[in-house]
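Copied over from Swiss-Prot, here are the features:
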- ASP51, GLU53, ASP245: divalent metal cation 2 binding site (BINDING)
- ASP51, ASP172: divalent metal cation 1 binding site (BINDING)
Amino acid sequence: MASSSSGGAGGAGGASGAPEVKIHNVYMSNVEEEFARIRGFVEDYPYVAMDTEFPGVVATPLGTFRSKEDFNYQQVFCNVNMLKLIQVGFAMVNDKGELPPTGDVWQFNFNFSFAEDMFSHESVEMLRQAGIDFTLLQNNGIPTAVFGELLTTSGLITDPRITWLTFSSGYDFGYLLKSITLGDLPKEESTFFMCHKTLFPTSFDIKILLRTPNCASAKLKGGLQEVADQLDVKRQGVRHQAGSDALLTAATFFKIKKQFFGDNWNQIAPLICGHMFGLGSSLSLFHSSGSTSRLGDETPQGLIGVPQQA
């Protein structure tokens, strides 16, 4: 089943004269066709903003943890291994944040069954209210193995020229990694980061950008929608649907990059590339009372409780 929804005129940044946005709903019946289209855009649109929707957080790890980041990874580990993807959104843009002339954004819909798969009732109800059709997911959703195989051959992974853009990305990359390997996430966080570096060698997490001294004075806080609102970045599409959230991620990233970094980007980028908010050493990056919020002031709610996707 091929379907698409159109937003208002505008590219990732909502610029006047940009193409009309077309969010393609991708199911099993058209997944190969849409990945073929994606392969045609890789060279000229190498920035891939990505968002996932999944059935919440159902498990909390118990035990003694070395740090908040250690706890956070164990929570990602438990939940990603237990749960299934519901949607993945890709918005591909060029180095100016512009969509292809066709305005394509992709929203992949995965096979999901209330009878067989685990979920958080609260999270699933939120997604249902956002318009996700769970009957279609059960009947025509994409099996994870099919998506992982097509993603592997898409030209989007293992290439450092492809830049992945995310917002609080631990769960996002966790689910993508699981779809590619078809196995559980590594128990050790260091192994997870090695796999991430191999598959997604260039990636930036907006939540990490917000911790840099460049952004400190703006005091941008909250989830993706709240940060976008503070920057006057307009959403196209429906909140809590992965295609719209991916597009908003792209627009927000390029607004931050232009407004706060300018000629300084090439100095900052190597320091934050590959970091995921709440994991690794991310909570100690740029850690000072003068430059950004202190560790105790900004609990990574995107990893403890309901993920901060939008």
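Positions of Cβ are set from backbone N, Cα and C atoms, glycine also.
Note that the coordinates shown come from a computational prediction; the quantities given were computed from them, not determined experimentally.
Each residue contributes its Cα atom, and for ASP51 (divalent metal cation 2 binding site) and ASP172 (divalent metal cation 1 binding site) these two points are 6 Å apart. ASP245 (divalent metal cation 2 binding site) has a Cβ environment of 28 other Cβ atoms inside 10 Å. In this structure the alpha carbons, written CA, of ASP245 (divalent metal cation 2 binding site) and ASP172 (divalent metal cation 1 binding site) are 12 Å apart.
Of all the Cβ atoms in the protein chains shown, 29 others lie within 10 Å of the Cβ of ASP172 (divalent metal cation 1 binding site). GLU53 (divalent metal cation 2 binding site) carries a strand DSSP state (E or B).
GLU53 (divalent metal cation 2 binding site) is 8 Å away from ASP172 (divalent metal cation 1 binding site) when you measure Cα to Cα. There are 29 other Cβ atoms within 10 Å of the Cβ belonging to ASP51 (divalent metal cation 2 binding site). Cβ contacts within 10 Å of GLU53 (divalent metal cation 2 binding site), excluding its own Cβ and spanning all protein chains shown: 28.
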